[in-house]
Amino acid sequence: MEKLTDLNYTLSVITLMNNTLHTILEDPGMAYFPYIASVLTVLFALHKASIPTMKIALKTSKCSYKVVKYCIVTIFNTLLKLAGYKEQITTKDEIEKQMDRVVKEMRRQLEMIDKLTTREIEQVELLKRIYDKLMVRSTDEIDMTKEINQKNVRTLEEWENGKNPYEPKEVTAAM
C-alpha cells in the first residue's frame with residue numbers, strides 16, 4: 001500500500017511540474033526561460049561538482065585556505081566566462097607573480113640600457129683618441145711629395161738663374 005501511495009505521489013508531482021512548465025512556456029513573457037534554465041543547470045552542476053572537490057581538497061591539503069580561495073575564484077571566473085565577460089578575478093598571489101615578472105623584465109631592460117650606454121661611451125672615447133691623434137700631426141711636417149710623386153720637381157727659387165725652363169723661347173730657323 002505504501003508503494004502505491006509513493007507511486008501516486010510521484011506521479012502527481014510529475015504531473016504538477018509538467019502542467020506548470022506548460023503554462024510557463026505558453027506565456028509569451030517567458031521567452032528567456034531556456035536561458036534561465038541553462039544557467040540554473042550550470043549552477044547546479046558547479047554546485048554538485050565543487051562540494052566533493054572542496055571536501056577532498058580540505059582533507060588532503062595542508063593549506064586549506066589557499067585551496068578554498070582558488071576554488072572559489074575558479075568558480076567565479078567560470079561564471080563570468082559563461083556570462084560573456086572577458087575580465088577575470090585574480091588573487092593577490094597572481095598579482096604578485098605578475099608584478100615580479102614585470103620587475104624582472106624592467107631589471108633586464110635596465111641592464112641592457114647600461115651595457116649599451118657603456119659601449120657608446122667607449123666608442124666616443126675611441127673616436128676622441130682617434131681625433132686627438134689626427135690633430136697632433138701638423139700639416140708642416142707632412143711631406144706631400146711622396147704622396148703626389150713629385151720629388152724631382154723644382155720650385156721657382158730652385159731653378160737655375162731664376163729662369164723657367166718651360167717658357168717658350170724664340171726659335172729662328174734657316175730657310
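Here the Cβ of each residue, glycine as well, is placed from N, Cα and C on the backbone.
Copied over from Swiss-Prot, here are the features:
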- 1-28: topological domain 'Lumenal' (TOPO_DOM)
- Asn8: N-linked glycosylation site (CARBOHYD)
- Asn18: N-linked glycosylation site (CARBOHYD)
- 29-51: transmembrane segment (TRANSMEM)
- 52-175: topological domain 'Cytoplasmic' (TOPO_DOM)
- Glu120, Gln123: Ca(2+) binding site (BINDING)
Note = The average per-residue pLDDT within the topological domain 'Cytoplasmic' (52-175) comes out at 76
Ask   = List, in sequence order, the same-chain residues at least six positions removed whose CB sits under 8 Å from that of Gln123 (Ca(2+) binding site)?
value = none
Remark   = Quick note, Glu120 (Ca(2+) binding site): same-chain residues at least 6 apart with CB under 8 Å of its CB -> none
